[in-house]
Every structure is written in structure tokens, then in C-alpha cells.
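Visitor: First the structure, which I've put down as C-alpha cells, then a few questions once you've had a look.
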Amino acid sequence: MRKANITRSKKTSIGIFITIGAFLLGKIKYVLIVFKFFKLQTLISMFIYLGTYALFFGWKFAVALVYLLFVHEMGHLYAAKKIKLPVSPALFIPFVGAVIGLKEMPKNAKDEGFVAYMGPFFGLLSFLPAIPLYYFTHEPFWALLIILGAMINLFNLIPITPLDGGRIAAGISTKLWGLGIILLLAFSMLNRSAIGFLIVILGGTEWYKLYKKQKSLHDDKIEVQELEHLVVKIKNGSNDLDFVQEVTDKAKQKVTNQEITKILNTLNTEIEKMKKDIYLQQLSGTLVLNEEHLHPNQQVIERTLNSLEEKILDFKKEIQTTESYYKTNKKTKIQLLLIYIGLIIALATSFYYSHEILMNYQEIQL
């Protein structure tokens, strides 16, 4: 009997830690769209997920896990629909987690924080009924449900992207990502967690990319101004192919945006073709330089310039987003901070309460 209890204890512990790891990994796939139909996608993936975990850890654990993850993701779904963000339905992936797909990113860090914290908030609500149920029945399963829900959502509040905690922290200060990296790195080293190290790498990379973007904002703004000036110069001098080629070549040396560089290269290639055609016509004596002859060339240049203007506009929007996305007012920062701290306290208290209960049940001790 004791041997059976120990085996069950080990399986429960393994299941919980796999769940935490899977949930963290699931956050990497924040934008996942696989199936076409809402109800069919969620239902099929849920049953596959349920069956997989039931096979390894039993039906009770599997049902509890699916329930907790489903409610958590419904929190994200509710928040996204509240601010009119298009989303795909929830998808359950065995040993990865449950995710919803965001078809568009939030407009600012405030909206992103709202979508992020509603997941752990719904996660907290999901296991609160288990507290009175344990009190009246003294069934350890309810305590297991509480501690599993608390651990999943508490770990997910570590302030590092792509976890919900990192998305909430972004609306307070992106400097908190540094704290999240330290916390998760320490946890990963103590527990030898490969998934933890992976999240640290992803979070660190995201933080560094944001730092680079913000650092280059001034230079990017100057580049946009120069590109807009370039378009005007080319439009005014489009009849002079040598001039267009010269200003394009000079501009390419300063441009950092790869898509814009590609368009400038295309423009140069087209100009080379035009000049070659003119040269061949000169050799054959068929060259006629008039407005009718130059019109097709100008059309080619005009089409290329239209593409260039579109990319410049996209680049400009990207700069504006980088500059303003993480700017939140004092009221928003305080609101997000209070919600964040409140969730941590509530989940940590629930974890402690359920852990104390489970200490009395040797067969499911963690």
C-alpha cells in the first residue's frame, strides 16, 4: 500500500511540474491559429489533451488540468473581445498548454496588460469554489485543484515575456523584465528546468530587441525624413534617369530598413534597363526622345515610388509604435501594479493554504 502511495505521489508531482513547464511553453505560441472552426477546434483539442493526461496521470488530474487551463484562457479571450481584438478560439496542445490566438496585437501596453492579467484573474476564480468544497467534504482532490491552479497562475505571473506577468509589467515599467529574468534564471538553475532557461532566453532577447529599437528612435526618425525628401527629389527629377540613379545610390548607403533597401535596389535595376534600352535605340538610330517615349519609364518609376511611400509609411508607424506603445500614465501604472500585486498575494495565499492541507495526505504530497 505504501509503495502504491509513493508511486501516486511521484506521478502527481511530476504531473504538476510538467503542467507548469507546459503552460510556460504554451505562452511562446501566443499567436497560434490551426483550425478553422471555433467550437470544433476547442472541442477536439480539449478531448485529445484530456485523453493524453488521463493516460499518464489519471482522469481526475486530467479533468482538473483542462478545467484550469480552459478558464485561464477564457480570461484572455474575454479581455480580448472586450477591447475588440480579433482572436482565434482556445486550442489545447498536450504537454504544451492551452492558448488563444491574437490575430492583431493590442494598440498599447495598457490594453496588453488588461488582456494579460485577465488570464490569471480568471485562473484564480476557477479554483476558488474548491475552497468551500474541501471545507465541507475534506476531499484532498479539491486541495490538489487549488494548489495546481495557484502554481500554474503564480508561475505565469513572473515578470518576463512571453508570460502574462511580463505583459502586465510592460505597462508598469519594462525594467521589471530584468527582475523577471533574474527570478526565472534562479528558479531554472535550482530546478534544472530546460523550459525555464528557454523562457529566460526568449525574454532576454525580447528585452534586448526593445532596447535596440528605443535606442535607435532618433536615428530612425531622421532616416524617415531623409526618405520622404528622397521621394520628392525623385518625383521632381524623374525625367533625368542619371539623377534618379545617383540620388538612389546615395540613399541606399544610409538606409537601415531592409524592405526599403530592396525597393531602392529594384528602382536602380529598372533604371539600368531603361538606360540600356535608350542606349540600344541610340545605336540603331531609332531613339525618339519625347514625352510619349518617356511616359512608360515614368510609369515604372511612379509605381516603384508608390511602393516606397507605402514602406516609408509602415516604417513611420513602427517608429511611432515603439515610441508610444509602452508609455502609460501614472493612473494606469498604479492600477496595473495593484492588480499585479493583488493577484500574486491571492495566488500565493491559496498555494500556502492548499500545501498545508496536502501535507496531511501522504499519498499526494508534493
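Backbone N, Cα and C define each Cβ position, glycine as well.
Any TrEMBL annotation is an automated prediction that lacks curation.
Per TrEMBL, the features are:
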TRANSMEM  12-35  transmembrane segment
TRANSMEM  47-71  transmembrane segment
DOMAIN    61-132  domain 'Peptidase M50'
TRANSMEM  83-102  transmembrane segment
TRANSMEM  114-135  transmembrane segment
TRANSMEM  141-161  transmembrane segment
TRANSMEM  193-211  transmembrane segment
COILED    257-325  coiled coil
TRANSMEM  334-353  transmembrane segment
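Surface or core, plus neighbours and distances: that's what I need for these features.
Guide: Mean pLDDT of the predicted structure over the domain 'Peptidase M50' (61-132): 82.
Under 8 Å from some Cβ of the transmembrane segment (114-135) lie the Cβ atoms of residues 67-68, 71-76, 78-80, 82-83, 85, 102, 106, 142-143, 145-146, 148-150, 152-153, 156-157, 164-165, 167-168, 336, 339-340, 343, 346-347, 350, 353, 357, all in the same chain and six or more residues away from its ends.
When Cβ-Cβ distances below 8 Å are used as the criterion, the transmembrane segment (334-353) is approached by residues 110, 113, 117, 120-121, 124, 127, 131, 146-147, 149-151, 153-154, 157, 165, 168-169, 171-172, 328 of the same chain, each at least six residues removed from its ends.
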Visitor: Checking distant contacts: for the transmembrane segment (141-161), what same-chain residues at least six beyond its ends satisfy Cβ-Cβ under 8 A?
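Guide: Residues 12, 16, 19-20, 23-24, 27, 60-61, 64-65, 68-69, 72, 119-120, 123-124, 126-127, 130-131, 133-134, 167-170, 176-177, 179-181, 183-184, 199-200, 202-203, 206-207, 340, 343-344, 347-348, 350-351, 353-355, 357-358, 361, 364, 366.
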